[in-house]
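Quick one: structure below, then a few questions.
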Amino acid sequence: MSEVRTRLAAASGQRLFWPLVVLVVLIAANTAYRPSFVSIEVKDGHLYGSLVDIVRLSAPLILVALGMTLVIATGGIDLSVGSVCAIAGSMACLHISQAADQNSLSTLFTALGLALGLALVAGAWNGLLVSVIGIQPIIATLILMVAGRGLAQLITEGQIITINSDPYRVIGAGYWLTLPVAILIAIAVTLLIAVLTRRTALGLIIEAVGGNAEASRLAGIRARRITFLVYVIAGICAAVAGFMITADVSSAAGSTAGLWIELDAILAVVIGGTSLAGGRFSLSGTLIGALIIQTLTTTVYAMNISPQTSLLFKAVVVIVVCLIQAPAFRARFARRRPPATPTVAAAPQKEQVPA
Amino acid sequence: MFTLGKQFTRRAAVAVLSASLVAGALAGCGNSDTGGEPADDGKITLGFSQVGAESGWRTANTNSIKEAAAAAGIELKFDDAQQKQENQIKAIRNYILQKVDVIAFSPVVESGWDNVLKEAKDAGIPVILTDRSVDSADKSLYKTFIGSDFVKEGRLSGEWLVNEMKSATGPVNIVELQGTTGSAPANDRKKGFAEAIAANPNLKIIASQTGDFTRAGGKAVMEQFIKANPKIDVLFAHNDDMGLGALEAITAAGKVPGKDIKIITIDAVKDGMQALADGKFNFIAECSPLLGPQLMDLVKKVKAGETIPQRIETEETTFTPEQAKAALPNRKY
C-alpha cells in the first residue's frame, strides 16, 4: 500500500502527470455521459469515432503550438500565427481555384510551395523585427496579426474561396492506412522538431537564449540567429496548420480561418508546463495541452453544453489545470495532509545549480 | 531577455510608434474618397459608411450600394470602417463637415451612437441605418432602419418544416447550428424558428450548438451531433456556411444530406444555392444583401422631405431546390 502511494507520489511530481490526469478525466466524463464516446469503428475503410475527431481536429493546434513552444522558449511570443494560417490557407486555395485542373498534383505542390513561401516571408519578417531591430515580440508580432488578417482577406477578396481538389482535401480530411492524414502530418512534424531540438544541441541553445540572451551570446551562441530561426519555424508550422484548416472544409475564408488559434496555442503551451518567461520547454507537454483544449471543445459539442455556458466551462477546466500544476498551490494543498512524501520539496530542485 | 534601461524604453517607444504607424496606414487604406467640396449641382450626395469586408455577403452588399447609387444618379461617398466604431464615427463626422445630403451606415455595434447622431441631426442631415440597428432610445435621431428581419427568416424556415412534416406521425428530431453566440441574427433566427415549429409538438430540437457562422465550426459540431444522436431527421443552420460544413460531416458519416437528414439554412449565398440546386439542402430562407436600390429610393424620398416608415424590411424570398436552379445563373454573390 505504502509502495503504491510512494509510486503515485513520484508520478504526480512529474511535470506531465496532472495534464494527463485532466485529459483522462475529460474522456472518462464523456464516456460516462455517453458510453459510445470511446468506441471506434471502421467506416469506409477508415477509423470513425469521437476520439478520432479529437485527434484529427487537434492536428492544426498541435502544429501551431509546437512552433509557439519554441518561440516562447526563447522568451518571445508570436501573436501572428493565426493570421499566417489564414494567409497560407487562402494563398493555397486561391492558386488551386484558378487552376484548370484542380486535382492535378503539380497544381497542389505549386500551391503549397507558394503558400509556404509566403509563410516563410511572414516568419522572417517577425524574426527580423524581433532579433535584428529588437522590437518587443508581443508588439512585433501584433503588427502581422492585424495586418496579416487584412492580407488574407485581400487574397480572398473578402469572399470564401471554395475549391474542388481531392489531393488538397486529403491534407485536412483524408485518411491513410485508416488514420487521419492531418494527425500523421502533425506527428511527423512533432518527431522532426523533437529530434532537431533533443538529439542535437539546438534545444539546449534555444533554452539558453530564453534563459538569458546576453549571457548565451557571451558564451558564444549566436542568440539573434536562434531567435530569428524560431519565428521562421513558427511561421512554417502555422502555414501547414492553415492548409489543414482550409482543406478540412475545402474552402478558405480569410476572415475566420485560424482565428484566435494563437491564444489556444499559447494556452496549450502553458498547460504543457512551458514557462512564458522563456528557458525550459516541453514538447510533449504542448502536445498534451493541445489535446486537452480540443477535447474540451469536442466535449462541449458532444454533451451539448449550451453555448452561453460553454466558455465558463472551458475556463473552469483551464483554471483547474493551471492551479494543480502550480507548485505553490500544490504545496499549500499538500500541507494539510500528513507529509508522506517529499514530492513537493522536490519540485523546486530544478532551480538549484551546483556551485 | 532584453537590455533593460534607457535603451529598452526607447526601443519600446519606437515599436509602439511603428505599430501605430502601420495601423494608421491600414486604416487609411479604407478612407478612399471622404475629402473634397460638396457638389452643389442639384445632385444628391450620399455619405455611406460600411462595416467592413468580412464576408462574401458584405462584399455583395457594398457592390449593390455602389451600383444602385450610380444607376440612380446619386453621388456616393463611400467609407470602409474595417469593423471599428471609431472609424465609423470619424467618417460620419467627415460627412457632416462636407455637408452631404444624406448619411447612411451599417453600425459596427449597437451602442454608443447618440452623440454623433445628434451632431448629424443638429446639422440637419438625415440618417438612414442599413442592415443593422442601433439601441438609441431617441428614435428621432435617424429617419429609418432598412434591413432584414432575422426573426422572420427563422419563422419562414420553421413554417416550411411544419408544412413538410405535417404527415409525420412520430417525433421529428431537429439539430440546430447557431450563429455566433449573442449576435442579433443568431438570437432572432433561433427565436423565429422555435416559434414556428411550436405549431407541431412532434418537432423537437434535440441539440443546439454554436458553429460561429463558419464552415469549420459547422463541420466540427455536426460530427459530434451525429455521433451523440443516432436519429437526426432535420438540420437547421443559421447560415449557409455552417450548413455547407455540416454537409461534409454528414457525408463522412455515411448519410445522404437532403434525404437522410433534411437541411434548412438561411442566407442564400452562391455556394449554398448550388447545394440547394444539387438537392443536398432542402430549403433556404434568403437574407439579401442587395438593398442598394431600396436604399437609393429612400435617400430620394428623405431628400424630398417625404415621411417614411421607421422600419423597412429588405425585399426577401425563400428558395426550394427548383427555384434555386432557376435563380442560380443570375446569382451575384
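Quick reminder: no glycine exception, Cβ is built from N, Cα and C everywhere.
Heads up, TrEMBL stuff is auto-annotated, nobody curated it.
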Quick one: which of A:201-221, A:285-305 does TrEMBL have down as transmembrane segment?
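Result: A:285-305 is the stretch TrEMBL calls transmembrane segment.
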So which of A:16-33, A:108-135, A:257-278 is most in touch with the transmembrane segment (A:311-329), counting Cβ pairs under 8 Å?
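Counting Cβ pairs under 8 Å, the winner is A:16-33.
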Hey, does the transmembrane segment (A:108-135) touch the transmembrane segment (A:226-245), meaning at least 3 C-beta pairs closer than 8 angstroms, sequence gap 6 or more?
yes
Do the transmembrane segment (A:285-305) and the transmembrane segment (A:108-135) come together with 3 or more C-beta pairs under 8 Å, pairs six or more apart in sequence?
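Result for the transmembrane segment (A:285-305) with the transmembrane segment (A:108-135) is no.
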In the same chain, which residue numbers or ranges, 6 or more beyond the ends of the transmembrane segment (A:108-135), come under 8 angstroms Cβ to Cβ?
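Same-chain contacts beyond the ends: 76, 78, 80, 83-84, 87-89, 91-93, 95-96, 99, 141, 143-144, 148, 165, 167-168, 223-225, 227-236, 238-239, 242-243.
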If contact means at least 3 Cβ pairs within less than 8 Å, sequence distance 6 or more, would you call the transmembrane segment (A:54-73) and the transmembrane segment (A:257-278) in contact?
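Since 3 or more Cβ pairs under 8 Å link them, the transmembrane segment (A:54-73) and the transmembrane segment (A:257-278) do come into contact.
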